[in-house]
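So that you can see what the record holds, here are the features copied from Swiss-Prot:
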DOMAIN    17-362  domain 'tr-type G'
BINDING   26-33, 158-161, 216-218  GTP binding site
MOD_RES   THR57  phosphothreonine
MOD_RES   LYS152  N6-succinyllysine
MOD_RES   LYS235  N6-acetyllysine
CROSSLNK  LYS239  SUMO1 cross-link
MOD_RES   TYR265  phosphotyrosine
MOD_RES   LYS272  N6-succinyllysine
CROSSLNK  LYS322  SUMO cross-link
MOD_RES   TYR373  phosphotyrosine
MOD_RES   THR435  phosphothreonine
MOD_RES   LYS439  N6-acetyllysine
MOD_RES   LYS445  N6-acetyllysine
MOD_RES   LYS525  N6,N6,N6-trimethyllysine
CROSSLNK  LYS529  SUMO cross-link
MOD_RES   SER595  phosphoserine
MOD_RES   LYS619  N6-acetyllysine
Amino acid sequence: MVNFTVDQIRAIMDKKANIRNMSVIAHVDHGKSTLTDSLVCKAGIIASARAGETRFTDTRKDEQERCITIKSTAISLFYELSENDLNFIKQSKDGAGFLINLIDSPGHVDFSSEVTAALRVTDGALVVVDCVSGVCVQTETVLRQAIAERIKPVLMMNKMDRALLELQLEPEELYQTFQRIVENVNVIISTYGEGESGPMGNIMIDPVLGTVGFGSGLHGWAFTLKQFAEMYVAKFAAKGEGQLGPAERAKKVEDMMKKLWGDRYFDPATGKFSKSASSPDGKKLPRTFCQLILDPIFKVFDAIMNFKKEETAKLIEKLDIKLDSEDKDKEGKPLLKAVMRRWLPAGDALLQMITIHLPSPVTAQKYRCELLYEGPPDDEAAMGIKSCDPKGPLMMYISKMVPTSDKGRFYAFGRVFSGLVSTGLKVRIMGPNYTPGKKEDLYLKPIQRTILMMGRYVEPIEDVPCGNIVGLVGVDQFLVKTGTITTFEHAHNMRVMKFSVSPVVRVAVEAKNPADLPKLVEGLKRLAKSDPMVQCIIEESGEHIIAGAGELHLEICLKDLEEDHACIPIKKSDPVVSYRETVSEESNVLCLSKSPNKHNRLYMKARPFPDGLAEDIDKGEVSARQELKQRARYLAEKYEWDVAEARKIWCFGPDGTGPNILTDITKGVQYLNEIKDSVVAGFQWATKEGALCEENMRGVRFDVHDVTLHADAIHRGGGQIIPTARRCLYASVLTAQPRLMEPIYLVEIQCPEQVVGGIYGVLNRKRGHVFEESQVAGTPMFVVKAYLPVNESFGFTADLRSNTGGQAFPQCVFDHWQILPGDPFDNTSRPSQVVAETRKRKGLKEGIPALDNFLDKL
């Protein structure tokens with residue numbers, strides 16, 4: 001089955017310049033898994049006849065039934081470049097054999113956390129775009145994530161068979177379509193990238209360089225300009241000069257590639273290339289890309305699909321394609337597949353593009369180190385990562401847990417960035433909350449086994465050097481989802497991954513049979529391990545809550561919980577949306593609270609953030625870890641804060657990083673520093689559980705105006721100050737016109753023109769509003785973009801399909817938080833209903849607590 005043994009893989013692992021770690025990313029249903037098949041069959045794991053139908057990397061039963069990828073799956077491939085191709089590689093190399101660790105990731109937005117986990121352990125990405133529907137929302141989201149992790153993209157235009165057979169495009173129209181997609185992708189890259197002066201250099205994609213592939217995953221054929229340039233160089237060389245050396249040949253091919261794209265034209269009469277669109281005698285010349293590349297492909301398609309027997313035979317002979325005896329009898333589409341697959345095999349084109357243009361760990365870790373490692377840039381660990389040194393200290397990042405066949409145990413899946421990981425090695429296992437020098441979230445344990453991930457199988461292996469992707473056994477008890485594994489005593493953590501979506505939809509679950517409760521709790525623990533994104537929370541009322549990114553994500557999680565993790569029947573509530581609390585103006589009075597012993601007083605006010613600041617904090621533009629003066633300057637310039645106040649930010653909350661700020665604007669208060677920690681603790685508590693219905697607060701700035709304290713330290717301990725600070729914060733929120741915020745999805749709907757009216761109807765019923773509608777150039781499809789409250793999104797897909805006759809395809813991405821119009825104190829308004837429902841669900845007292853509970857009189 002597999003053409004190479006573990007020992008051969010192990011030998012290549014040491015040649016770190018010849019390793020490529022890459023993931024396949026794209027919009028949902030643009031053909032990632034199908035394309036991955038061509039690569040896998042080239043490296044000898046599926047029989048080539050079945051490629052395109054197997055979807056080898058969809059390992060789960062529900063993935064095969066639904067025809068979608070849910071989890072990202074890793075697989076190692078081995079590929080040898082010919083001597084001629086080696087000359088195209090611009091980085092260091094070591095022999096001709098390459099080890100490609102490929103991760104096929106899901107495209108569905110609900111699983112974009114899986115994509116993040118896949119991107120963290122790879123250095124390059126194959127971005128797949130359907131050339132009929134073009135660049136979609138999810139393409140942009142995953143590409144943006146890739147660029148943020150400093151991952152080099154190459155592009156693949158998939159589904160060319162559709163463009164030729166369904167849309168029947170002319171060569172020039174097809175060229176324009178490709179040109180437009182390349183431009184769109186480059187716009188995204190230049191928007192989020194660091195430019196040519198950045199550490200990665202220029203990462204724009206360009207067909208001339210060979211970083212764009214064209215083809216069809218389903219039919220199993222693909223090419224880059226390099227393949228055609230080679231054919232023509234060979235053809236022209238046969239006419240004239242003798243044999244070329246490999247290096248000269250590579251140079252020739254690279255020159256040829258420049259002529260095959262863009263505004264270059266070919267004169268078939270003279271066989272010369274020209275830069276003007278008309279020949280000297282005034283004839284209109286064809287574009288080289290159309291004449292020399294698309295034309296032969298169109299001819300093959302035309303001859304075979306219109307059953308022109310003689311022409312087909314001629315073409316097959318001319319292109320020098322050897323068909324098997326069984327292939328010779330085929331006709332129509334099966335013959336087309338066989339011919340195209342022999343002439344332009346997808347595996348070769350893509351694997352060459354990957355090995356030539358994607359960086360090896362040696363190249364990539366130089367510029368990715370500063371993003372990956374939290375510690376100082378010059379300690380042993382950082383140096384080991386930068387130089388990808390197998391003799392350095394072990395540094396390994398675990399990006400996710402993979403369930404094993406044995407119930408309840410997990411493989412830890414991740415990548416070795418420095419050093420060597422081996423069976424039985426004693427290591428430090430550090431969770432995300434570990435800080436150097438402290439004991440919490442740190443375990444010293446041996447690794448039981450190291451294994452190779454091979455799609456549906458695992459292979460044991462003795463040890464794995466840096467630059468490779470590996471699974472570990474026996475680490476799963478000590479980590480929840482992600483973590484760092486190291487042998488270096490003073491190592492800091494590898495940075496935690498940033499997810500592009502947040503878990504905003506929740507359901508409560510309980511066991512149908514109360515005796516099964518322990519199994520449910522155990523199952524929830526395993527579920528939290530197996531999915532990078534999901535959150536499992538126990539409410540104070542004893543309810544078990546699961547929070548996910550959307551309906552589909554939750555559905556899959558609950559199915560996993562029931563069938564794999566807890567193995568018991570489960571009851572679930574209707575999905576509930578999490579809200580945020582905020583304020584809409586400044587507090588109308590200065591709020592005073594006294595401590596329980598009446599010796600200390602705090603005075604505070606609350607006010608809303610200027611627009612955009614909360615989003616900046618979410619993105620990390622403004623954060624607690626920034627340098628003080630730099631942060632103050634940013635706030636003063638962009639949001640017109642007073643510089644003196646901006647320098648006296650005490651903290652962010654909840655959890656020290658959230659979108660609320662506590663600033664100290666007191667003047668000359670005694671003992672202030674002694675109670676700072678207590679006030680901060682009260683602030684974290686208050687922002688985590690707001691005054692209205694104990695939801696997180698968002699976008700509130702609290703100012704401490706004045707503090708009067710008892711002179712004796714024993715009377716101003718934490719027990720006196722923390723609850724007082726919390727009461728005072730609540731009072732200042734309640735006097736500042738509190739409001740609720742709800743999460744909003746950005747919905748992108750693709751549909752034919754005639755059903756656009758039906759879409760507007762559904763969106764209006766669901767409180768959605770359309771903000772952009774455009775036609776996809778060159779196709780009859782419309783794209784409608786709208787904002788839709790998450791609360792209204794349940795059953796939205798089904799509703800939309802029934803109103804449009806199943807012709808509209810929605811894609812929902814969490815976009816932003818928006819204030820729910822209405823006053824929560826007015827009993828008839830929507831927010832007051834939400835508050836009442838939430839309080840009831842959480843088992844709190846009915847009604848928003850009165851202001852008198854928090855506000856004291858002098």
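In case you wondered, yes, glycine gets a Cβ from its N, Cα and C as well.
Model, not experiment: these values are computed from the prediction.
Swiss-Prot feature annotations superimposed on the structure.
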residue : record                   : CB count, 10 Å
ALA26   : GTP binding site         : 27
LEU218  : GTP binding site         : 21
TYR265  : phosphotyrosine          : 21
LYS272  : N6-succinyllysine        : 11
LYS322  : SUMO cross-link          : 7
TYR373  : phosphotyrosine          : 26
LYS439  : N6-acetyllysine          : 8
LYS525  : N6,N6,N6-trimethyllysine : 15
LYS529  : SUMO cross-link          : 23
LYS619  : N6-acetyllysine          : 11
When you put ALA26 (GTP binding site) at the centre and draw a 10 Å sphere around its Cα, which of the modified residues LYS152, LYS235, THR435, LYS445 have their Cα inside it?
none
At a 10 Å cut-off from the C-beta of SER216 (GTP binding site), count the other C-beta atoms across all protein chains.
28
In the structure shown, which of the recorded positions ASN158, THR435, SER595 has the fewest Cβ neighbours within 10 Å?
THR435
From the Cα of ASN158 (GTP binding site) across to the Cα of TYR373 (phosphotyrosine), what is the distance in angstrom?
36
Tell me the Cβ neighbour count for LYS445 (N6-acetyllysine), meaning other Cβ atoms within 10 Å of its Cβ, over all protein chains shown.
15
Restricting the comparison to the binding-site residues ASN158, MET160, SER216, LEU218, which residue's C-alpha is spatially nearest the C-alpha of LYS272 (N6-succinyllysine)?
MET160
Sorted by position, what residues of the same chain at least six away from LYS235 (N6-acetyllysine) have a C-beta under 8 A from it?
none
Below 8 Å Cβ to Cβ and six or more residues apart, same chain only. Which residues does that give for LYS152 (N6-succinyllysine)?
ASP123, GLY124, ALA125, MET200, ILE203, HIS357, LEU358, PRO359, ALA364
Other C-beta atoms that fall within 10 angstroms of the C-beta of MET160 (GTP binding site):
28
In angstrom units, rounded to an integer, how far apart are the Cα atoms of TYR265 (phosphotyrosine) and MET160 (GTP binding site)?
23
Between the Cα atoms of LYS529 (SUMO cross-link) and LYS445 (N6-acetyllysine), find the distance and write it as a whole number of Å.
19
Measuring Cα to Cα, how far is MET160 (GTP binding site) from SER595 (phosphoserine) in Å?
72
Cα-to-Cα gap, LYS322 (SUMO cross-link) vs SER216 (GTP binding site), nearest whole Å:
21
Compared by Cα position, which of the binding-site residues ASN158, SER216, LEU218 is the closest one to SER595 (phosphoserine)?
ASN158
Using C-alpha atoms, which one of the recorded positions ASN158, LEU218, THR435, LYS619 comes nearest to the residue listed as 'N6,N6,N6-trimethyllysine'?
THR435
Nearest to THR435 (phosphothreonine) by Cα distance: which of the recorded positions ASN158, SER216, LEU218, LYS445, LYS619 is it?
LYS445
Quick check for the class: what is the C-alpha distance, in angstrom and rounded, between ASN158 (GTP binding site) and LYS619 (N6-acetyllysine)?
32
Would you report the average pLDDT that the model assigns to the domain 'tr-type G' (17-362)?
75
